[in-house]
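Take a look at the following structure, please.
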Amino acid sequence: MNIAALVSGGVDSSVVVHQLKEAGYDPTIFYIRIGMEDKDGYIDCPAEEDIEITTYIARKYGCKMEVVSLHEEYWENVVSYTIDAVKRGLTPNPDMMCNKLIKFGCFEQKWGKEFDKTATGHYATTTEIDGKVYLSTAKDKFKDQTDFLAQVDYLQISKLMFPIGNLLKSEVRDIAEKQGLPSAKRKDSQGICFLGKINYNDFIERYLGKRTGKIIELETGKILGKHNGYWFHTIGQRKGLGLSGGPWFVIKKDIRRNIIYVSNGYGVETQFGKTINLQGFNFITEDPWGEFDDEREITFKIRHTPEFTHGRIRRIGDLYRIESDEKIQGIAPGQFSVVYDKESHLCLGSGMIIDDQV
Ligand SMILES: Nc1ncnc2c1ncn2[C@@H]1O[C@H](COP(=O)(O)OP(=O)(O)OP(=O)(O)O)[C@@H](O)[C@H]1O
């Protein structure tokens with residue numbers, strides 16, 4: 001079997017190469033260049049150290065290696081989606097889009113198509129049921145990354161391999177140390193894909209600029225301060241508001257009038273909701289429910305956290321509606337709600353959260 005291994009120079013994908021070699025495969029390693037530098041060289045994200053480590057891994061295991069660029073594709077797809085979402089007052093998820101459109105989209109069209117499988121260092125597994133492949137959660141529930149993968153389609157999932165999905169992060173680090181891999185002690189990357197390496201606010205400011213607006217207390221209508229533009233703020237956000245006497249949480253945004261509404265204190269009712277409406281639901285493998293009038297028991301996540309929340313899903317026309325068993329903080333339109341079976345084993349798909357006035 002011909003395998004393309006996507007290797008970033010981080011510990012997880014380095015161990016992917018080791019695991020594949022141990023299993024008797026001879027993967028071709030691909031490092032994808034998606035630095036954030038643009039034509040003016042404004043945002044610079046040097047990939048040289050990553051490429052050095054990836055080259056070392058390729059040599060150590062005697063694998064072919066290619067450094068490829070999906071720079072423009074990343075800008076055209078993920079960056080423009082992110083800016084557009086933020087401008088519309090939504091909370092984007094560039095990680096999910098990067099996986100769907102870049103790592104398993106453009107990469108597949110240009111290079112992956114020559115291979116039988118594409119392997120990555122995501123914490124996820126696949127499960128075969130009645131001859132069909134499903135995305136399923138990792139052994140390490142804390143590191144599970146299925147939520148970032150929940151926009152992929154059936155062709156994509158059936159081609160993917162996650163060689164470390166059945167290992168705990170601690171086991172991955174042990175292997176890397178025993179094998180003397182230079183990535184053994186590298187820090188984990190912190191979400192937001194390639195955008196994560198740059199200052200998010202600088203990036204947003206570059207594209208959307210600044211516009212002063214009011215911060216208003218939701219309950220009293222009192223003006224508490226100023227902000228530089230609603231696009232810097234997200235529903236549920238606590239830090240970076242510059243208000244005293246906190247904690248303050250962003251509850252609502254009026255994008256037409258550029259107003260941010262906040263509430264004070266932990267556990268304030270306005271921060272919570274139990275109903276989540278989803279638009280454009282993407283089933284990864286298939287719709288397991290078909291037409292149904294009642295509800296189905298599920299677990300779900302609305303952000304990248306280790307916990308799964310229990311709830312029930314029902315269909316309302318083209319929408320899906322989740323009623324959560326517990327109150328959830330910071331339900332942000334634009335984010336994806338990722339839906340799992342009730343055992344939190346199979347990841348069924350995801351839909352984009354829309355305002356609840358439906
Ligand atoms: N620049 C890149 N080139 C090739 N593959 C990449 C690149 N960045 C990420 N990947 C692939 O996507 C997977 C998940 O990426 P993520 O950014 O979440 O890194 P991670 O979980 O810290 O993993 P790692 O330790 O391998 O960097 C990686 O394990 C790797 O297989």
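One is the number of the first residue shown, and numbering goes on along the chain from there.
Cβ atoms here come from the backbone N, Cα and C positions, even for glycine.
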If TrEMBL says L6, V7, S8, G9, G10, V11, D12, S13, G121 bind ATP, which of I32, I102 does it name for the same site?
I32
These are the recorded positions: L6, I32, C98. Which one scores highest on other Cβ atoms within 10 Å?
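Answer by Cβ density within 10 Å: C98.
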Go through the recorded positions G10, C98, Q335 and pull out the ones with a Cβ less than 6 angstroms from some atom of ligand 1.
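If the test is a Cβ under 6 Å from any atom of ligand 1, the answer is G10.
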For a three-state summary based on DSSP, what are the helix, strand and coil counts in the domain 'tRNA-specific 2-thiouridylase MnmA-like central' (201-263)?
11 helix, 22 strand, 30 coil
Validating a neighbour-count step here. Other CB atoms within 10 A of the CB of Q335 (site 'Interaction with tRNA'): how many?
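Result for Q335 (site 'Interaction with tRNA'): 25 neighbouring Cβ atoms inside 10 Å.
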Using DSSP reduced to three states, classify C98 (active site, nucleophile) as helix, strand or coil.
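For C98 (active site, nucleophile) - judged by DSSP and reduced to three states - the answer is helix.
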State the Cα to Cα distance, in Å, between D12 (ATP binding site) and Q335 (site 'Interaction with tRNA'), rounded to an integer.
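Computed Cα spacing between D12 (ATP binding site) and Q335 (site 'Interaction with tRNA') is 26 Å.
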